[in-house]
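Trainee: Pulled from TrEMBL, these are the listed features:
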type     : residues      : note
DISULFID : Cys727-Cys754 : disulfide bond
DOMAIN   : 1-40          : domain 'SMB'
DOMAIN   : 257-405       : domain 'AMOP'
DOMAIN   : 417-609       : domain 'VWFD'
DOMAIN   : 699-754       : domain 'Sushi'
Amino acid sequence: AQDSCAHQCGERLGTCSCQPTCQSLKTCCPDYTEFCLQISPYSGSLMGGKAFLIENTVFAASSKITCRFKQEIKTRGYSAQDGSAHCISPLLYETGFIPFDVSTDDGVTFPYSGTWLSVHHSKVSEGEKCTLVNETKWQYYGTPNTDGNLTLTWTQQALTETHVNIEVWGYQETGDSYSENWSAKWKYLYTLAKKIPNNGKFSFIPVPAEGSYSTWDFGILRITPSSYPDGQSNVPSVWSSDHALAWHLGQDFRNDPKKWATAKCVEWEKKEEKLPDFMEEIIDCPCTLAQARADTGRFHTDYGCDIEKGSVCTYHPGAVHCVRAIQASPRYAAGQQCCYDRTGAQILTHDSTGGSTPDRGHDWGSPPFLKPPRVPGFSHWLYDVISFYYCCLWSDNCHVYMKKRSSSDCRTYRPPRAASAFGDPHFLTFDGLNFTFKGHGEYTLVESDLTSLRVQGRTQQVHFPNGTGAQVTRLSAVAMQEDNSDVIEVRYLNNYLQVLLNQKVLNFSEQSWLDLKGLFLHSTPDQNVTVMFSSGSGVEIRGSGGFLTLTVLLPEKFTNHTQGLFGVMNGNMEDDYTFRNKTTMSVHASPQQVFEFGANWAVENGTSLFTYDTESLLNNFFYGEKHNASFLPVFIPYEDPADPLVKDMVSLCDSDPFCRFDVLTTRNLQVGNSTRRSHENHKLLVENLKPDTSLLLVISCGWLGHPTNGTKNGTNYLLGSTITFTCDKGYELTGAKERTCQVTGTWSGETPSC
């Protein structure tokens with residue numbers, strides 16, 4: 001009997017395969033496309049209620065379809081007249097790829113399976129949500145000068161029925177903070193409007209909600225077809241953005257919003273006093289804007305204040321750019337935020353309300369999600385956002401908020417180290433050694449015993465513009481994993497980057513940011529892929545002109561814990577040519593010796609992270625040698641003064657040795673140009689990350705306050721900065737009139753008093 005993919009998707013069976021690679025290898029079981037589901041759309045908000053089509057299987061119109069997510073959450077599916085089957089996504093308290101299976105016999109057996117991508121509610125496209133027209137008005141409704149109509153709009157095609165209901169839902173977390181019984185729940189509160197026409201617009205004059213509902217101050221609206229009972233979960237829905245429910249709060253709020261909010265702010269402060277101090281375990285901020293933008297393994301642009309998008313920083317006046325720490329802190333799942341002014345200096349809340357505020361709940365949540373404080377987006381709203389409304393936006397108690405959410409400075413920040421590979425591979429190690437290795441095969445670029453990080457590179461032969469093979473190679477694919485994380489592979493195919501997740505090709509048409517197992521993955525429209533592992537290590541990959549450029553960033557804790565072509569990261573390049581058996585070779589070794597060093601780091605077959613999904617990959621890399629010993633590259637290209645290319649090369653490359661090398665060996669100026677750019681980018685990155693730039697910016701002495709009855713002048717607390725002090729009229733100054741930040745990280749002079 002032929003093997004079947006029923007209940008077996010992702011497995012390799014005796015006679016055939018149900019793995020994603022089976023299609024290109026032509027080894028699929030005959031029923032692979034029947035049981036292993038392709039869906040469209042493949043992603044939606046974690047709030048659920050989105051219908052998706054099962055593309056590759058037709059079910060009988062009479063089928064009773066049940067969709068089951070994570071083996072436990074069931075939703076009702078439906079079969080259209082044409083036999084196309086649809087599932088409804090459920091409300092989930094987590095983000096990432098969620099396995100689901102499908103039953104056509106009313107939930108008896110579930111032989112069909114696939115994955116659904118659950119996305120942070122603020123990362124889904126605007127068209128998927130209903131829109132709170134003038135959202136600020138909704139969130140300030142009932143405060144002075146804010147009244148009148150509120151309007152909600154939506155795409156009417158999103159729901160098929162003629163009439164809809166609009167419901168109000170609230171979010172709460174109950175139980176003891178940071179204990180086992182702490183839990184999160186979205187709860188249906190009441191229906192705002194029943195059986196209204198599905199015409200895409202609804203306006204109303206809000207009134208305080210009845211009874212205890214008016215005490216819910218953070219929530220969301222849901223539009224559903226009127227045929228469903230009120231509040232039924234996991235039915236087709238369109239959700240609004242999550243927001244502060246000022247518009248439905250009780251009469252006590254409307255009578256005196258400041259008084260109401262002040263009481264809430266004081267109550268929040270008291271609650272905070274009883275909670276553990278999360279500030280101790282969050283990562284310190286980078287000292288400068290340049291460092292913050294360069295440390296891509298640990299920090300990512302905060303979309304609320306982005307220099308690339310014109311620095312619209314509503315919550316951080318005076319800032320031009322903010323970043324957020326990618327990983328939540330280990331114990332309390334807290335988040336860090338760092339904001340910078342136009343001089344590149346960090347803005348602290350002690351000096352300005354535009355300063356960065358850390359978060360008790362990381363906005364993106366953190367694995368394993370599901371429970372507070374790790375629920376994506378919503379835990380953060382409860383501890384850090386609604387409290388900002390109480391203290392800063394609805395009343396004048398912002399000093400209370402800033403005291404509990406004061407900026408971290410950069411005194412303990414240590415920049416990561418960077419290593420790169422580009423062109424016909426030139427390698428720049430973490431410690432600054434550079435060499436060229438043109439082996440043909442698969443090699444370990446870096447591995448670490450600290451977190452079981454492995455980054456492997458595949459090189460293939462370069463071709464001349466006329467199509468014949470050149471005696472050099474290029475980086476064509478990179479694969480990586482840390483500990484037992486998902487495996488990511490990035491390949492260069494016909495001028496675009498193809499990304500594989502656990503051997504399956506990823507599609508970025510709906511989402512450019514993915515929360516995966518042990519890592520986050522981000523792909524930009526111009527084809528830069530960044531992988532951010534949970535240890536804080538980052539891998540950046542760019543493609544240009546047929547060649548991959550790779551950069552690996554490792555935090556300081558990896559010191560003396562790396563090996564491979566990128567060397568031993570320890571600040572000393574003398575030991576960067578370390579072989580597998582721990583012997584080393586002089587940094588002045590000949591190109592032939594460097595070639596032997598590179599060959600020593602060929603990947604062993606059992607440890608390869610690569611996917612072999614074509615005949616040629618199987619033959620050349622899987623069954624063939626991992627290092628092709630018969631491929632002998634050009635070691636030192638000959639520069640012939642009579643060669644017409646040399647003149648152009650000199651004007652393009654100037655003194656860049658890598659650029660000159662690549663023009664001569666590939667006979668292609670474009671290749672040389674992309675090598676030159678990659679080399680310049682690497683030098684700039686290293687410069688930006690340096691802790692001791694010529695400005696010596698990056699020793700911080702920490703914040704200095706003004707004396708009582710006096711003022712201070714200056715808000716820069718980095719090495720060489722001076723702060724001056726003056727006393728108010730009628731007071732005399734004792735101690736230092738000015739204090740300067742010294743190399744030791746301490747301030748000169750005595751503390752002044754008036």
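Every residue gets a Cβ built from N, Cα and C, even glycine.
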Trainee: Might you list, by sequence position, any residue in that chain lying six or more from Cys727 (disulfide bond) with a Cβ less than 8 Å away from its Cβ?
Mentor: Pro707, Asn709, Gly710, Leu733, Cys754
Trainee: The domain 'VWFD' (417-609) vs the domain 'Sushi' (699-754): three or more C-beta pairs under 8 Å (separation of 6 or more)?
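Mentor: In this chain the domain 'VWFD' (417-609) does not contact the domain 'Sushi' (699-754) - fewer than 3 Cβ pairs sit under 8 Å.
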Trainee: What's the number of neighbouring CB atoms sitting within 10 A of the CB on Cys754 (disulfide bond)?
Mentor: 18
Trainee: Could you tell me how many residues in the domain 'Sushi' (699-754) are helical, how many are strand and how many are coil under DSSP?
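Mentor: The breakdown for the domain 'Sushi' (699-754) reads 0 helix, 19 strand, 37 coil.
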Trainee: Across the domain 'AMOP' (257-405), what are the DSSP residue counts per state (helix, strand, coil)?
Mentor: 54 helix, 17 strand, 78 coil
